[in-house]
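Notes follow the structure.
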Amino acid sequence: MPPKKQVKEEKILLGRPGNSLKSGIVGLANVGKSTLFQAITKSSLGNPANFPYATIDPEEARVIVPDERFDWLCEQYKPKSIVPANLTVYDIAGLTRGASTGAGLGNAFLSHIRAVDAIFQVVRCFDDAEIIHVEGDVDPVRDLDIISEELRLKDIEFVEKSLENLVKQTKRGGQSLEMKKMKEEQATVEKILDMLKSGKDVRKGDWAPKEVEVINPLFLLTAKPVVYLVNLSEKDYIRQKNKHLPKIAAWVKEHAEGDPIIPISVSFEERLATMTDAEAQEESKKLGTKSILPKVILTMRKALNLGSFFTTGTDEVRQWTIRNGTKAPQAAGVIHGDFEKTFIQAIVY
């Protein structure tokens, strides 16, 4: 008798399920977050200023996802209406050392980070005597340590409270299925706490699907995917050189291996954002470089494990957002719930 075929356990992603996911711009004060937000959203939202806490409540905007396939389809069909995919971005107030204990309105700002699904972490690598640094000088590795520690400390505080509640409940004992599940949950929460206390982020753990089911409802800060944006001066961005870049790469390799690092000049992006398309193309040609924002948007989309499919016609060309790996019936359900219920087949071009 042939052996039974082993059923492959379905991989569950860390993070909130769904397609409408949000990213937040995070970092210390005065590193270029609000200016980046204005450039990437092409808006006047946000409040760039040369002092901490210029931003209190997070600003929100949607960014169009660049996609050559969508542009090509629009050219072919010339529809009456076009609906591209978008990415929701939040400008979150700058953190400071001690934010996890409430310093500098830290509790409120950390709660804003908890509400998003992924993080753009902006790291300052430019010198400018007119723009103060909350730590006194430019040291991106120190800044990375501060943000990483504050997020981890807040997670530790939250997980310890969750564990305390679980311990109280499991102390009652019993052999019911509910109690068994609770004890398994407690074991996972203890594993999370051990990892955090060892200085590691939750997203870097090797988690079984059952453990991920415990992690996701906690909305942990260190479970969120991170894209590191290294904010250079315009001069350094054009020549793609900065003394801090190798140190940042080494830090990410040690503490967050695999997370993407993108050098960017927020001041350059800000200038381009105020120009017409023709002016921006001319300026980019003159300087021998171009905007990195399309790469920034697509990298975050990849970090969130988002993909697309298209519906086309002369009335409308629309790009639909789904999680990568979504099966055809569920993808059809994004268009309309009845499509999933009555799904038979899809013809794919």
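Glycine is no exception: its Cβ is also placed from the backbone N, Cα and C atoms.
Quick look at what TrEMBL annotates:
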- 21-284: domain 'OBG-type G' (DOMAIN)
- 305-349: domain 'TGS' (DOMAIN)
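Within the chain, the domain 'TGS' (305-349) has long-range Cβ neighbours (under 8 A, six or more residues past its boundaries) at 13, 17-21, 65, 67, 69-70, 73-74, 76-85. Residues in the domain 'TGS' (305-349) partition by DSSP class (helix H, G, I; strand E, B; coil) as 13 helix, 14 strand, 18 coil. Averaged across the domain 'OBG-type G' (21-284), pLDDT in this predicted model comes to 91.
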